[in-house]
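Chemist: To start, I am sharing the structure in question, which I have written as structure tokens.
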């Protein structure tokens, strides 16, 4: 799985600077109640400052040069006869599992070489009383913190660029078209390309303009059926906080979505800030996000990949939810679990998804809770694995959630067929935090009490007890004072 930021398609920092590509022809428009939560009495500790990066003895290549070089190589790989692309049998095998995989779909088999916990890991974990709060300047145990000094001019860290290299090679091995071919298709429809944004595993994204649109637009060109699936979903949706589909073109088997261009994705927006957002701005972002989630759930749709990279923003009062490539339709009742399968991003997946259990629309509530947490803290991601090539599989992610939140054994689902309960309940045996009280991670972050309450309710461990988006919108944060 690529790093979370790889699928960022709206961030202006990471895009390649290139001259506008003139249009060739004129296009034809195809169509114009959960558990009670008890806050503890102790106050939250201030978030420690970012760590100072260690000096390097070697001068690495420019990040902008690496990004441009990567895009140029991708554009030449299929067209250069000296470097033919051979079919990768392992890629074919992956295609048999999920032929139309969207961006950042979690593939557990890719982590076969990851070191799992030892055999005695099913025993008790360290209890809440055994965790010593870190001194000032240290990071909380196991929680990733982004340092502004690690982010280069392109908006990517060195680890993220390495992940992009691997993901781009994987996309080509699965039969993806190079950016040069995709650019010709886009300009052939009358668009002028002003820049190529970070390529994704299912297609290319271009910053474009067209005489039919008064402002810049984003053209997302994808070769997998997941792009067509996303187009069908977007055509059904009409909500101010959901990314609208302006137009749709299908050329040579490639589906091109025309979307409005926002200033940045929420991940990039938060990374650029020096300080966290205020309570009114956090409430505005949270209200719009939960309103969009409530709307799609009432339409019988589960997004399954809600994260800051898939939320686009002009201002905190103007955001929208996008990237529906991993979405699916509800089967049966919204409250009845169904085995939809794993999809989305491991770091933001709900525990029941990671365990392979049937699930409901409340998996989106868990992911939305993580987004609201990042919006409030702005420089850290809860439950995220350390960066680098060795990122833990689903098993390690569940263990990380249990450890960092100090999940109590009584907070697991009582359902006898729950894999999450049968396989992982024993790992919470040593956790001493009383059930349904403030999770352990709240000790390390200072948040408005109403924001903290909202996040904790959204991150209810048992999906059956997790509140709906409509219920969360009734919490004190959204009530006028």
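Positions of Cβ are set from backbone N, Cα and C atoms, glycine also.
This is the feature table in Swiss-Prot:
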- 305: active site, proton acceptor (ACT_SITE)
- 197, 198, 199, 200, 201, 202, 203, 204, 205, 220: ATP binding site (BINDING)
- 191-478: domain 'Protein kinase' (DOMAIN)
- 12-63: region 'Disordered' (REGION)
Chemist: Would you mind reading off the Cα separation of residue 203 (ATP binding site) from the residue listed as 'active site, proton acceptor', to the nearest angstrom?
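Modeler: Cα-Cα distance, residue 203 (ATP binding site) to the residue listed as 'active site, proton acceptor': 17 Å.
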Chemist: Can you tell which of 197, 205 has the most other C-beta atoms within 10 Å, given these are the binding-site residues?
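Modeler: Of 197, 205, the one with the most crowded Cβ is 205.
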Chemist: If H, G and I count as helix, E and B as strand, and all else as coil, what does DSSP give for residue 197 (ATP binding site)?
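Modeler: The three-state answer is coil.
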Chemist: Where residue 197 (ATP binding site) and residue 305 (active site, proton acceptor) are concerned, what is their Cα separation in Å, rounded?
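Modeler: On Cα coordinates alone, these residues lie 20 Å apart.
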Chemist: Summarise the model confidence on the domain 'Protein kinase' (191-478) as a single mean pLDDT, whole number.
Modeler: 91
Chemist: When you measure from the Cβ of residue 203 (ATP binding site), how many other Cβ atoms are you left with inside 10 Å?
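Modeler: Taking every protein chain into account, the count is 27.
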Chemist: Including all protein chains shown, what's the count of other C-beta atoms within 10 A of the C-beta of residue 305 (active site, proton acceptor)?
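Modeler: Result for residue 305 (active site, proton acceptor): 25 neighbouring Cβ atoms inside 10 Å.
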Chemist: Whole-number Å distance between the CA of residue 205 (ATP binding site) and the CA of residue 305 (active site, proton acceptor)?
Modeler: 19
Chemist: Going by DSSP, is residue 203 (ATP binding site) sitting in a helix, a strand, or coil?
Modeler: strand
